[in-house]
Amino acid sequence: MGYPKIKHVRAFVIKGGEGGGGADYHDQGEGHWIDNHIATSMGRYPEYRQSRKSFGINVLGTLVVEIEADDGTVGFAVTTGGEPACYLVEKHFARFLEGRNPFEYERIWDQMYFGSQYYGRKGIVVNAISGVDLALWDLMGKLRQEPVYHMLGGAVRDELQFYATGARPDLAKEMGFIGGKLPLYHGPVEGDEGLKKNVELIADMRSKVGEDFWLMYDCWMALDVNYATKLAHKCHEYGLKWIEEAINPDDYWGYQQLKKNAPPGMLVTTGEHESTRWGFRMLLDMDCCDIIQPDVGWCGGVTELLKISALADAKGTLVVPHGSSVYSYHFVITRHNSPFAEFLMMAPKADHVAPMFHPQLLGEPIPEKGRMKVTALDKPGFGVELNPEVKLYRPYEH
Ligand SMILES: C[C@H](O)[C@H](O)[C@@H](O)[C@@H](O)C(=O)O
Ligand SMILES: [Mg+2]
């Protein structure tokens, strides 16, 4: 069957300055829960303790990748990467796509990764590769007129269920989510006083949500093994379900130790800042965690997530992708070892459900009562379109 070839690859950023939101979802306006004194490794510097934007968490901005086929069909995707990622897509990766059959996604991925191996392998380079790969899967779905999840093997269940990440697990319970993941507010630099506040918060939330609702802490790489161990044990009596990304993602040895130290029954999770099958194999082979949480817009895209997930499945490790809107939903619905998904509460007070990548994606499905029927995904590709109101800017051409 003759499919059109890839004619053009284009990379854009979203013009609009701070508070643009979208795929770089940390780029929010003032007063948003996601930037309110959340513990990070930069917290050791007082000037960077109150706001993650102050040290640049939103410095990159969104990357938009468009791939146009000969017949005019356009696939696109958004992820985190901004102008630096645009440069890589236009000046380096486009050469591996233009003129090719869009269904040669394995060959294209391989050439992007090994063509940039000498300077990439992780971080923004793999974000850019992920953005291209996601746009390719969107294009393939549009050319075949079927949703991406059909091409990944089809749904293994009729609906997705979500836990919510945000400052208000108590409200998330009322909205029908299966659990609530809190950001950690106080890191080691704030000593025992900060640790006490972290534990008091979980205790308070447990009193509000009752015994059965999941409560988790997201530590966003802020801790050391000793502090994380103390936090886990002090929160155990309040039924903390998992402690997430507690330490430096490169400290595989530390995660291995934390998993040994954690109280019986408490899960250790990580992976949102890890990339490729090789990085996740390290987490799996070194027994670093109980759940891996790749972000499909950062780990290498769908093509790489398929490999990562197979490795985890063989080991009996769950794969619960980091919140990445439709890009993870189309994957999670197709895998038994991905039993639930994350939903990031992007409303500033985490008090209502808003589309995660708002305002960039038209038709972005959102959970209803903490769930999403598979039929919400039944549109070609990832089932979303770029909002024409969002101003695109193409910093580089080729
Ligand atoms: C809430 C966390 O601090 C991060 O902002 C969040 O994006 C990420 O870690 C997550 O797991 O959702
Ligand atoms: Mg996280």
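Using N, Cα and C of the backbone, Cβ positions are placed for all residues, glycine too.
Note that TrEMBL annotation is computational and uncurated.
Reduced to three states, the DSSP call for R52 (substrate binding site) is coil. Residues or ranges marked as substrate binding site in TrEMBL: H26, R52, E342.
Residues or ranges marked as domain 'Mandelate racemase/muconate lactonizing enzyme C-terminal' by TrEMBL: 159-265. For the domain 'Mandelate racemase/muconate lactonizing enzyme C-terminal' (159-265), the DSSP-based tally of helix, strand and coil residues reads 50 helix, 22 strand, 35 coil.
In three-state terms derived from DSSP, E272 (Mg(2+) binding site) belongs to neither a helical nor a strand segment and is classed as coil. Positions annotated as Mg(2+) binding site by TrEMBL: D218, E244, E272.
Counted within 10 Å of its Cβ, the other Cβ atoms near D295 (site 'Increases basicity of active site His') come to 24, all protein chains included. According to TrEMBL, the site 'Increases basicity of active site His' annotation covers D295.
Annotated site 'Transition state stabilizer' per TrEMBL: E342, in sequence order. DSSP assigns E342 (substrate binding site) to a strand segment in the three-state reduction.
With a cut-off of under 6 Å between the Cβ and any atom of ligand 1, the recorded positions R52, D218, D295 reduce to D218.
A 10 Å radius around the C-alpha of D295 (site 'Increases basicity of active site His') takes in none of the binding-site residues listed as H26, R52, D218, E244. Among the recorded positions H26, R52, D295, no residue has its Cβ under 6 Å from any atom of ligand 2.
Counting every protein chain shown, the Cβ of D218 (Mg(2+) binding site) has 24 other Cβ atoms within 10 Å. Considering only the binding-site residues H26, R52, E342, the residue whose Cα is spatially closest to the Cα of D218 (Mg(2+) binding site) is E342.
For the Mg(2+) site, the Cβ centre of D218, E244, E272 serves as reference, and the other residues of the chain with Cβ at most 8 Å from it are T165, K181, C219, W220, E245, T269, T270, Q293, H322.
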